[in-house]
Every structure is written in structure tokens, then in C-alpha cells.
Amino acid sequence: MPVSQNKIAIALGILGAAITIFGAVLVFVGPDTINQQIVKNVQIDPKNKMTFTMWKDIPVPFFFSIYIFDVKNPDEILRGEKPVVNQRGPYVYREYRQKDNITFHDNGTVSYQEYRHFHFWRNMSVGSEDDILTVPNMLVLGASIMMENIPYVMKLAISAGFKMFKEEAFVTRKVGELIWGYEDPLVDFINSYFPDMIPFKGKFGLFATFNNSNTGLFTVFTGVDDISRVHMVDSWNGLKTVNYWRSKQCNMINGTSGQMWPPFMTPSTTLRFYSPDACRSMELVYQESGSFQGIPTFRYVAPKTLFANGTDYPPNEGFCPCRQSGIQNVSACRFNSPVFISHPHFYNGDPTLAQAVDGLHPNEKDHALFIDVHPVTGIPMNCSIKLQLNLFIKAVRGFIETGKISPVVLPVLWFGEIGYIDGQVLSTFRTNMVVLPAILEYLQYIFIALGCLFIIIAAILVIRNKDKNPLFCRSYKKCTVVNEIKLFETEKSTMATANGTVLQEVDFVETCPGGEAPQDV
């Protein structure tokens with residue numbers, strides 16, 4: 001029996017040592033193995049068909065929600081009174097994105113154009129595309145400021161043209177027409193006789209050129225040569241920098257295209273991306289750690305300085321001429337029209353902006369933008385990008401249509417672009433990027449603990465066998481130690497008999513095998 005237990009102890013010891021070593025190896029090798037797999041999955045590489053297909057045809061559902069500010073008192077505004085607006089919507093569109101014209105280059109970059117398609121989703125909208133709303137007429141109010149400094153006589157002539165084509169300061173039309181365009185006789189006339197005078201061709205609308213369009217030719221790094229640069233923009237429309245702004249810093253094209261970022265992020269990482277719609281690079285900052293559907297995330301938000309003016313935040317001086325903090329002048333990339341972008345309802349802006357218009361209620365819950373990113377892969381799990389389009393309006397001498405309008409930045413609409421991972425894509429991502437790495441991390445410590453347990457059990461068996469062995473030899477032939485003489489008990493009893501008392505002692509001892517008497521130690 002002792003021989004059998006010794007074999008078991010040796011086997012357990014060897015097995016325990018092997019398992020412990022394997023667990024220790026996993027501690028050092030496991031994270032590198034996971035990281036290598038992550039790097040492989042986030043690279044833009046057609047050899048990895050699954051991830052390349054997901055990059056090319058984004059499976060994440062995007063919803064484009066538009067809120068329009070219905071002007072309630074256009075006549076009073078023309079008399080110089082404070083504007084009153086009523087937010088209408090959302091008018092929700094399912095957005096589909098697909099990359100096309102994909103070309104890989106020898107320098108580790110890939111070029112593509114991403115096309116956007118929009119389809120109205122009535123069940124998610126509050127209202128229909130047939131709703132009738134009133135908004136500022138950008139043709140009249142925008143053009144009047146753009147041509148404020150031309151000769152007075154010319155302004156009168158243009159004003160007469162507005163009157164002839166029945167163009168007024170405010171226009172009332174269906175939502176679908178305001179967003180996607182409508183036939184305007186003035187636009188048709190100008191395009192017929194002065195084809196290069198205005199940028200609008202065909203229908204005129206706030207997003208007339210948005211549907212079935214692309215965001216320009218992006219060239220980004222694939223990450224095959226350097227994973228830290230994956231998705232980073234190398235050029236946009238062939239440009240390394242833009243020339244809209246007044247400083248080198250403001251004209252820089254920084255970060256990614258705004259869809260993914262390099263992996264292995266930390267809270268000190270900022271999200272930089274170039275936005276063609278805003279004509280500039282933007283930077284979001286870490287706010288907090290959280291989770292989305294069981295997946296750990298970092299939440300990034302816009303800093304208060306994003307749309308600050310040059311006085312409050314000197315690095316933004318290049319985006320000027322500026323007005324109050326909270327709005328950015330984008331006239332330089334919008335054909336010099338007096339257009340400004342901001343957060344919805346002028347959230348995070350100078351309070352005077354919202355106070356100048358009745359009907360605005362800025363708050364963080366409804367109007368702050370955010371992106372929830374999985375920090376290990378740099379892939380967004382949930383995002384809500386929100387921007388507001390505003391028009392600076394005022395009375396311009398010579399343009400009768402502008403009346404006595406008091407100078408004001410009037411909100412026209414704001415939109416939210418919302419996207420999140422769900423369905424099978426979410427399940428696959430959670431399994432591969434959260435569950436399996438967690439199992440591997442726990443397994444390495446389970447192996448170490450189990451190996452140590454086997455070693456301890458083996459040691460206990462050895463000790464127990466040593467205690468039960470009948471002799472230990474001082475030399476090869478002679479017995480040196482025998483099991484301690486087991487003195488069970490010396491019975492002393494007095495037996496009363498009829499003839500007297502008998503005292504008996506019984507000693508029980510063991511002898512060495514082979515008949516030798518045990519030696520004293």
C-alpha cells in the first residue's frame with residue numbers, strides 16, 4: 001500500500017508542477033496572444049474577410065434624426081422683435097453607409113469614398129415629411145449679408161429680383177421639401193443664365209446634396225505596418241491640410257475619419273477626427289468609464305472649448321471672425337454664407353445666444369454629444385453626434401426683404417446621428433473581445449491554483465507514508481528506527497476472586513520485521 005501511494009504522490013507532484021508551469025506561461029504569453037489577435041482584427045486587411053467586410057459595409061444601424069425650428073412670428077421678426085421658435089421632430093431617417101472605390105497603396109494606406117443613403121422611418125418620427133413649417137429663407141437672408149458691401153444700386157436691383165421671383169425672408173414649405181430640396185424659380189433662373197454663380201444645382205434644400213452623396217476621398221492608414229496609426233487620415237480629397245481657416249493648427253487634418261480609432265486606449269487618450277461637415281478636425285475628451293451591453297467602454301464628450309471663440313480659447317482664433325463662444329463660423333467653407341454650427345439649443349455656449357431666441361432649452365441630457373468606445377479595440381459601441389445649423393440674420397440696407405430684423409443668430413435645425421452595435425454583431429463582438437479573454441485570464445490563475453493544490457496533496461501523501469512506514473534504517477542492514485513502541489495501555493486491574501486479589505500487567509510491543517527486537521533511539 002505505501003508503494004502505491006508513493007507512486008500516486010509522485011504522479012500528482014509531476015502533474016501539479018506541469019499545470020503550474022503552464023498557468024505561469026499563460027500569465028506571460030496570454031495577453032500577448034490576445035493583443036496579437038486584436039491587432040489582426042482591427043487592421044484594414046482584405047485577407048481578413050470578416051473584419052474587412054464589416055469595415056467596408058458597416059453593419060451598425062445608424063439613424064439620422066432632424067429637428068427643425070418652426071418660426072412662429074416671422075412678421076414680428078421683420079419688425080425687429082425677438083424670434084420665437086418651436087422645435088419640431090424628430091424626423092428620423094435610417095442611414096446606410098457603404099465604402100466604394102477602395103484602393104490599397106504601397107505605403108500602407110487605403111483610399112475610399114463612403115456613400116450615404118437615407119430612408120424615412122415614419123414609425124420612429126414625430127410627424128411626417130408633409131408637415132408644414134416656416135424657416136428663414138437662406139437664399140434671401142444669407143445672400144443679403146454676403147452682398148452687404150456691394151453698391152447700393154446693385155442691392156436694390158437684386159432686391160427687385162427677389163420680389164419678381166416672390167422670394168421672401170421666410171419660407172413656408174413641407175418638411176420633406178425643406179430637407180431634401182424643392183424647385184425654386186430663382187435658383188433655376190440663375191443656373192440657366194449664370195451657371196457658375198451659385199453652388200446649388202437643381203433643387204434647393206438644407207440637405208439637398210446629402211442623400212446618395214459621399215464625404216470625400218479619404219486616404220487612411222491600414223495599420224498593417226503600424227497598428228498605432230490604423231484608421232488615421234493621411235489625406236482628404238488629396239489634401240494633407242485644408243485652407244479654410246486662418247491658422248496652420250486650425251487647418252490641420254488630425255485623427256481618423258470618425259468611425260474607428262487605434263486600439264489599446266487609456267483615459268489620457270483623446271478622440272481626434274476630421275469632419276467634412278464641420279470643415280475641421282475635432283477632439284473629444286475622456287469623461288468616464290462605463291459599459292454598453294456588457295462591453296466595457298470609455299465615454300468621450302466634447303470639451304467646452306470646442307466652439308469657444310478666440311478670446312475665451314486662443315487656439316480657436318484661427319476659426320474667426322467669431323461671435324460669442326458656443327458657435328463656430330463656417331462661412332469660409334459654405335460659400336461665405338453667414339452659417340454657424342453649434343451644439344443643439346446653443347448648449348455649452350454663451351447664455352446670450354439662447355436668451356436671444358424664445359423656445360430654446362439647452363441641457364446636457366438632450367443636447368450633449370458623446371461616443372462610447374471599447375478601449376481595447378478602439379471601436380465605438382454607441383454614439384450620438386449632434387450639431388446645430390444656425391443662420392446669422394439682420395436688416396441690410398438696400399434689401400427691402402430684410403425689413404428691420406435685429407441682429408441675431410437664428411437656429412434653423414439640429415441633427416443627431418445615432419449608431420450602436422446590436423444583434424449578432426454585438427453577440428460575436430462580446431464573445432470574442434470580452435468573454436473569451438476573460439475566460440483565458442481566469443484560466444491561467446485556475447491552472448496555477450490547481451497545480452499548487454496537486455503539489456500540496458502529493459506532499460501530504462509523502463509525509464503520511466513516512467509516518468506509517470514500520471522502520472527507517474540507520475544502515476543498509478540494521479534497523480535504526482522502528483515505529484515507536486506503541487504502548488497501548490498498561491492495564492492494571494485488581495481482580496477480586498473468591499480466593500483473593502490478582503494484579504495483572506499487560507504490555508503490548510511491536511518488533512521489527514524478521515524477528516529483530518527494536519532498538520532504542
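Heads up, the Cβ atoms here are built off N, Cα and C, so glycines get one too.
Predicted automatically and left uncurated, TrEMBL annotations should be read as such.
Note that the structure is predicted; figures quoted are calculated from it, not measured.
Feature annotation from TrEMBL assigns disulfide bond to C250-C383. A coil conformation is recorded for C250 (disulfide bond) in the three-state DSSP classification, outside any helix or strand. Neighbour list (C250 (disulfide bond), Cβ cut-off 8 Å, at least 6 residues apart, same chain): R280, P315, N316, G318, F319.
Residues or ranges marked as transmembrane segment in TrEMBL: 9-30 (among others). Long-range neighbours of the transmembrane segment (9-30) within the same chain, counting only residues 6 or more positions beyond its ends whose Cβ lies under 8 Å from a Cβ of the stretch, are 440-441, 443-459, 461-462, 465.
Residues or ranges marked as transmembrane segment in TrEMBL: 442-463 (among others).
Around C383 (disulfide bond), the C-beta neighbours below 8 angstroms that are at least 6 residues distant in the chain are F370, I371, D372, E417, I418, G419, Y420. Among residues of the same chain six or more beyond the transmembrane segment (442-463), those with a C-beta under 8 A of the stretch's C-beta atoms are 5-6, 8-13, 15-24, 26-27, 30.
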